[in-house]
Structure formats: C-alpha cells, structure tokens
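Asks: Here's a structure for you.
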Amino acid sequence: MPVLTTDAESETGIPKSLSNEPPSETMEEIEHTCPQPRLTLTAPAPFADESSCQCQAPHEKLTVAQARLGTPVDRPVRVYADGIFDLFHSGHARALMQAKTLFPNSYLLVGVCSDDLTHKFKGFTVMNEAERYEALRHCRYVDEVIRDAPWTLTPEFLEKHKIDFVAHDDIPYSSAGSDDVYKHIKEAGMFVPTQRTEGISTSDIITRIVRDYDVYARRNLQRGYTAKELNVSFINEKKYRFQNQVDKMKEKVKNVEERSKEFVNRVEEKSHDLIQKWEEKSREFIGNFLELFGPDGAWKQMFQERSSRMLQALSPKQSPVSSPTRSRSPSRSPSPTFSWLPNKTSPPSSPKAASASISSMSEGDEDEK
C-alpha cells in the first residue's frame, strides 16, 4: 500500500507521518512487514525489544474513520495503551479489551512504566516491575509489551514503535508538571478514549488491605509467616496469636451450637413423625374396636346368633294338638277302632246313662261302616 517517505515534523511536534495533517510528499508502493496480532493464546505476548517492528516501510498515518473501516491484513492498526498495572485486576483487563476492539484489525501494544519512574511520579507499588510485566504478557488482549515505557509520550517513541493511536480513559491525567500528559496526543488527533471501570482500582484494593490490616496479619501468621516477615512487633504478634486462639474457640462453640440445633431439629422431626404415626394408629384402633364392639358390631351380631341358637336348643317348638284326618289309602287296612267298654266291676250309675253309652257305641259302629 502507499506510504509516506518523509519524516518531517508537524507544528504539534508529532512527525507528519503520525499526525492528522494530509501528506504532501510523493508516495510509493512498499510492502509492510509489521507484526501481526496474536492468533494463539498458548504462549505469552512477546516483549517489544525481543520482537520489535522491523518494517522498513514508512508508517502512513491513518484517521480514526479509516481505521474503523478496516485496513489490509499486512497493515494492522497499531494501538498503544500504557499504565502502571499494579495488582492487575479486572478494571485493567476491561480497559485493554476496549483498546483491542477499537478497530477491526488492531495490534495492541502495552507500555508498562518501570519502578523508578513509578516511585518518582506516583508512589510505591505492591508488585515490582518484573511482576507487572509478566502480568501484562499473560493478558489475552495484549499483542506486545513495552518495558520501561516513558511517563510522557515523545515523538521519538511514537515513531520508533509506529504507533497509530493512543487509548486511555478521557479523564485528564495530571503528572510530571503537566495538567494532562496526553494533551499533545489529543491535539494531534491520535487519542481514542476508553471507559473507566467504576468500583475497582489498585488504590481501592490497597485501601481494603490497609483497612483490614489486622485480619490479614493474623491470617498470614496462622499460615506460617513470621512476625519479622510481616514487620509486626513482638507485642502485636502475641496479640494476633491470642486473637487467633479466641477465634478458634469461638468457631468450636459455634460448631457445637450448630450441631446442637441440628440435633434438636432432628429430634423435633422424629417426635412429630412419632406423634403423627401414633395418631394414625389410634384412629385405626378405635375404628377396629367400634367395628367389633359397637352397636352394630360383629361381636353383637355373633352374640345374638349364639343366643338364638341356645334358646332354640333349650325350648324346641311343640307339635300341633290335633291334625286333620288323613284320607286312607285303599291299599292300607283301616286302623283298628277301640271302643270304650264300660267297666264290668263298676255298674252304670243309672239306667239312662247305660242306655246312652250303648247308643253312642252303636253310632260309632255305623260311622266306621
């Protein structure tokens, strides 16, 4: 693609090849050999002094509109972001993610200031420079890490690393005798703002540690660190260890209370189950009792049946006194008829009675015939 062949500087001090001023020199076709964005995350990002841009073609300046439209594969948009990155946290990662995704084809360079510069202009850090460098190398959005980055970006630095845009949050960063160290970058049209993540910062993390210093000191003493390593006095060491013992005792008491509550809850559950089962058994027993001994129970019916049988056995039914005369069958002989004859020894009381008895006997004989 066409590139500029001049290194003249603009009025802002930024080389014309890196400023927004339109090029005035002739352009020639030179192939770019700039490093490409990382395609794999199986290895950390390289350092700039180990794999710097060796492209011999002069770096043509891009506008924000051109960069957002996209660039050829061999000409990625080189975006620069810098910082201290102490106690690397999610706020840092989100800022780098925004810088990486500003343009479709971008190559993210991250500059990390050294301990000397940081201690001089900002203050002491928790992590040393080597640890901070390594933290950035293992961030997935970073393509290249620049060690010992300058506090204020110079034209020489921008030209050396062929930087197209600088990404940072838009809050003025006053330091090193300047109200805003990115002022000249903004004037050159090379500044692209990112959004700061609220609620998380290195200062907030350090504030938490300082606020709960006793807790963390006791924690590390319990984990085997010595009072000398923690810079703790003899008296404080004994105090922290005593507090640890008190906490252990509280924890034991708490565990006993929890177990006791758990035991009581289990007993209550069991008693509730037993009461419920007892009520069910009681209802079942009462129902069975009523079925057996109730007013219409089986026992009463059985008793009545037994009683009726006993009564029948003790007092059987009597046969009828008289029965109708059955017709005799012609094949059977008639039953003999017995006549009541007067007793020979007892004479009739009177002649009338004797005649009456004789007449009745004669009538009986006629009826049988």
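Cβ atoms are placed via backbone N, Cα and C, with glycine included.
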Asks: Looking at SER323, SER333, which is the one Swiss-Prot tags with phosphoserine?
Replies: SER323
Asks: Report which of SER24, SER327, SER362 appears in Swiss-Prot with the annotation phosphoserine.
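Replies: The residue tagged phosphoserine by Swiss-Prot is SER362.
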Asks: Labelled phosphoserine in Swiss-Prot - which residue from SER175, SER339, SER360 would that be?
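Replies: Matching SER175, SER339, SER360 against Swiss-Prot annotations yields SER360.
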Asks: When neighbour density is defined as the number of other C-beta atoms within 10 angstroms of a residue's C-beta, which of the recorded positions TRP151, SER315 has the lowest density?
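Replies: Counting other Cβ atoms within 10 Å of each of the recorded positions TRP151, SER315, the minimum falls on SER315.
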Asks: Specify the secondary structure state of TRP151 (phosphocholine binding site) as given by DSSP, simplified to three classes.
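Replies: DSSP call for TRP151 (phosphocholine binding site): coil, neither helix nor strand.
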Asks: Same chain only, sequence gap of 6 or more: which residues have a CB within under 8 Å of the CB of LYS122 (phosphocholine binding site)?
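Replies: In sequence order, ILE84, SER175 meet the Cβ cut-off.
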Asks: Rounded to an integer, what is the Cα-Cα distance in Å between TRP151 (phosphocholine binding site) and SER315 (phosphoserine)?
Replies: 132
